[in-house]
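> Can you keep this structure in mind? I'll have questions shortly.
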Amino acid sequence: MTERTPLLHYRLSASVTEPEEEKQQQQQQRRRPATLDERSAGAPGRSAESRPQHKLSTFFGVVVPTLLSMFSVVVFLRIGFVVGQSGLYQTFGMLLVAYFIICMTVLSVCAISTNGALDAGGAYYMISRALGPEFGGSIGIMFFFANVCGSALYVLGLVEAIISTFGVSQDVPSGQHVLPTGYWWSLLYATAILLVCLLVCLVGAHIYARATFLIFIIVIVVLCTIFISFFAVAPRSIAVPSLNSSVLSSANFTGFKLETLLGNLYADYSVDYTTGITMTFATVFAVMFNGCTGIMAGSNMSGDLKNPSYSIPRGTITAVIFTFVTYIVLSLLVACSCERLLLQRDYSFLRDINAWRPFVTIGVYSSTLSAAMSNLIGASRILYALARDDLIGRVLSPAKKTSRGGNPWVAVLISWFLVQLVLFSGKLNTIASIVTIFFLLVYAAVDLACLALEWASAPNFRPTFRYFTWHTCMLGIVGCAVMMFLINAIYASASIAFMLLLLLVIHYLSPTSSWGYITQALIFHQVRKYLLMLDVRKDHVKFWRPQVLLMVANPRSSVGLITFINDIKKSGLYVLGHVTLGDLDSLPSDPLQSRYESWLSLVDRLNIKAFVNLTLADSVRHGVQHLLFISGLGGMRPNTLVLGFYDDCDPKDLLQDPPAQSAIFPDSLAASQDVEEQLPLQFPALRSMAINGGGKVLGPGEYVAIIADAVKMLKNVVLARYFCHFDRTEALSQRGEPLYVDVWPLNLLRPDSSSYVDTCSLFLLQMACVLNMVRAWRRARLRLFLCVEEGRSLRGPEGKLGHLLRDLRITADVHTVPWDQVVALHWQSNTARLSDDYLQAVNRLILHQSCPLPAVRFLYLPRPPADTHRYLTYLHQLDLLTRDLGPTLLIHGVTPVITTDL
């Protein structure tokens, strides 16, 4: 009776682990509390004295583990299956395609590994430090599960090989086969083997590390006997099973014959005698491709190598070339000496034609056992690295525990428990496809990490290994994706969905890290490219949008205005500007750098889409000039300056008062009792910047001068009054009551002017319309007030404005307001200047038309006077005009913003 081993549909990807010296050093680093960044700092942060002294060379650290990972039982049990089903030509084609795919990934691994110091963690460390914690963590978890399933896969494969040799069979005398068979017996054998692996892992990874070279010698010796046997063994006939009966038939090992080679050149797909499934090109390719993976074993040893940047690329490429040549030569020898029937019906034929049959069995047992142990150790180390990085909160905290020698024994136990659960599946084919897909997903992620680093064009990405381009990365990604769906489309789709789910979970649970986010580099690269394409010479009024620079003295009293302007920006640029008074020559360092964190935290907390621009100047006016000149970039520059109104309104600290916080941040932490502790907003107390015993840092004359400067620079100007108490949530929450926005497009400081369609009036109307287009303000109705003399026909400017509203597709309720008595007050004064009585009368007129009360008013802001001596009078007039009107915007437009063209 010929002993046969079923086709083992599995692969080996040995995850070689960190030595105990590395663990001892990490345990010393964990004796004090560490932040995520400190725990993830990696090798550069270690002192030379604390590094382990015993390091591995290229051969022992990279070549040996990678060869063991890629060979395993594939070389013993799968070559004949592939040649017998697909023929020699297609076998060569499959090998070329498979190795082309993994070589693209190898190039990416070599590039990343030579771009800086690597810490332990292999693929997880590379991906997480390149793509950020979310993507790296999700791939790391899948890498962990791949190693768990891989360990179970090899344990089950070893059980099948043992049962095939020693199990009870009805075809032979019971004295030759002594092990009982069945599901529960197989589970018992698998549990016992896994228990041996567990004991080895609990003692320490160094036991497996010391045995690696011995296992490697065994595999090489077995390979040598296989090659010698093709030449030394005489032709023989070998019994093989028949598909339709229990009667054995025979197939021949012919030795080297041209007739045998010609019979094995072309494909002849038939039924797999172990599964009863008819093979196809896709199924055979998937089986064969499982044996071409395992290329990460060397990179997983990065923490234990003398020179990782030197060893990983050379060792990995050497191992890949060696295995490729071995597979090619072995396929050729098999095709020249074995009949197709032998290859299709006996997957353990290499043992039958070997000079000493137990050699192949020893090779299968030793390589499979080492694979199971290495995957169990690798899974525990990945789990430990994930727990150490705190990517999933406290869920994995127990896995951080280590022994005195630095061995993460809790992570080992967790991994062992999960492997034991997988063993209950009992079938290799049940998990073989999942394992391969998980590993392919990891390889694709490595290619994606290298591609992102290359596309980002970051100056610090300069690997010493330069034999790659973005094309090789893209080919690796496409190749891995094609193989995933070729192996099993359902499993591939489920794996990607699972990865995306993990990405979202880690995004919300993981703390902020200083690893760097590749997305930021990619965004920068693309934004720079599109900013260069944004040509200001191609600007057109049809596509105008407000791009706002809002000057904020202290955010504590400006929350209402900040949130309101965020609504009115209409997807345009929004910049929060602030001027700090000081002279850099008299300061030891830039005082603004430490303040950006608070401002950016404010932006995040208010959930607004704004940039922050701070400047240091000797006066507020000069600071505003600086910001108007330098804010923005290319075609994205502020065209509108927004200032708070200059008055004595009592400010209210909305960042300190919990009730106010609750209204402004209804769904945030702001409603808690200790807002300041949860919001790192380190802004000065209100009026604390006052000088000379309580005066403002900005005088009224300088305030008007800022308005005049902006107009000279062709910037639109908006003055916002009474927004210090504006509550956006309250204004928009009254669903049962109508919401109004009042617009007064006439220059009320020029009663002799009756124009409603000048540039400023149209800009005023456009801004009100922009606000009405925001989703939260769509239910608001615009009320347009036209001041007319009694008995005057609307066929003049008023009729023209009504026609314009229809052309501009602006829906507004037009109200005519007689103001003869108000205008009479102006003409009755003996001076050409506006009297206080007139301004107060206009103010009362506006208040009289405020039923029901509007949420906000838009008023015409006249240009500041050319005579600087009249600045105080100008400000006084604006004060009388808008007194007690509630939230009001005084708007002055200098550029055309409305067109009726398509």
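Heads up, the Cβ atoms here are built off N, Cα and C, so glycines get one too.
Annotations for this protein, taken from TrEMBL, read as follows:
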{"type": "REGION", "residues": "1-52", "note": "region 'Disordered'"}
{"type": "TRANSMEM", "residues": "56-81", "note": "transmembrane segment"}
{"type": "DOMAIN", "residues": "61-549", "note": "domain 'Amino acid permease/ SLC12A'"}
{"type": "TRANSMEM", "residues": "93-118", "note": "transmembrane segment"}
{"type": "TRANSMEM", "residues": "139-163", "note": "transmembrane segment"}
{"type": "TRANSMEM", "residues": "183-205", "note": "transmembrane segment"}
{"type": "TRANSMEM", "residues": "212-234", "note": "transmembrane segment"}
{"type": "TRANSMEM", "residues": "277-298", "note": "transmembrane segment"}
{"type": "TRANSMEM", "residues": "319-342", "note": "transmembrane segment"}
{"type": "TRANSMEM", "residues": "362-387", "note": "transmembrane segment"}
{"type": "TRANSMEM", "residues": "408-425", "note": "transmembrane segment"}
{"type": "TRANSMEM", "residues": "431-456", "note": "transmembrane segment"}
{"type": "TRANSMEM", "residues": "468-490", "note": "transmembrane segment"}
{"type": "TRANSMEM", "residues": "496-518", "note": "transmembrane segment"}
{"type": "DOMAIN", "residues": "561-648", "note": "domain 'SLC12A transporter C-terminal'"}
> At a threshold of under 8 Å on Cβ distances, which of 139-163, 319-342, 362-387 pairs most often with the transmembrane segment (93-118)?
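The listed stretch sharing the most Cβ pairs with the transmembrane segment (93-118) is 319-342.
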> Taking 212-234, 319-342, 408-425, 468-490 as candidates, which has the most Cβ pairs under 8 Å with the transmembrane segment (183-205)?
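Looking only at 212-234, 319-342, 408-425, 468-490, the most contacts with the transmembrane segment (183-205) come from 408-425.
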> Using a Cβ cut-off of under 8 Å, list the residues of the same chain at least 6 residues beyond the transmembrane segment (277-298) that approach it.
7, 9-16, 61-63, 65-66, 68-72, 74-75, 78, 81-82, 85-86, 90-91, 94-95, 97-99, 101-102, 105-106, 109, 122-123, 267, 269-271, 311-312, 315-316, 319-320, 323, 374, 432-433, 436, 439-440, 442-443, 483, 486-488
> Take the transmembrane segment (212-234) and find every residue of the same chain, 6 or more past its ends, with a Cβ under 8 Å from one of its Cβ atoms.
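For the transmembrane segment (212-234), the nonlocal Cβ contacts are 16, 60, 64-65, 67-68, 71, 75-76, 253, 255-256, 326, 329-330, 333, 337, 350, 353-356, 359-360, 362-363, 366-367, 370.
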> Counting CB pairs under 8 Å, which listed stretch among 56-81, 139-163, 408-425, 431-456 touches the transmembrane segment (362-387) the most?
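Most contacts with the transmembrane segment (362-387): 139-163.
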> Of the listed stretches 56-81, 319-342, 431-456, 468-490, which one has the most C-beta pairs under 8 A with the transmembrane segment (139-163)?
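Checked against 56-81, 319-342, 431-456, 468-490; highest Cβ contact count belongs to 431-456.
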> So, by DSSP, how many helix, strand and coil residues make up the domain 'SLC12A transporter C-terminal' (561-648)?
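Per-class counts: 36 helix, 22 strand, 30 coil.
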> Kindly state the mean pLDDT of the domain 'Amino acid permease/ SLC12A' (61-549) in the predicted structure.
81
> Which bits of the chain, at least 6 residues beyond where the transmembrane segment (408-425) starts or stops, bring a Cβ under 8 A of a Cβ in it?
23, 144-145, 147-149, 151-152, 155-156, 187, 190-191, 194, 197-198, 201-202, 376-377, 379-381, 383-384, 387, 398-402, 431
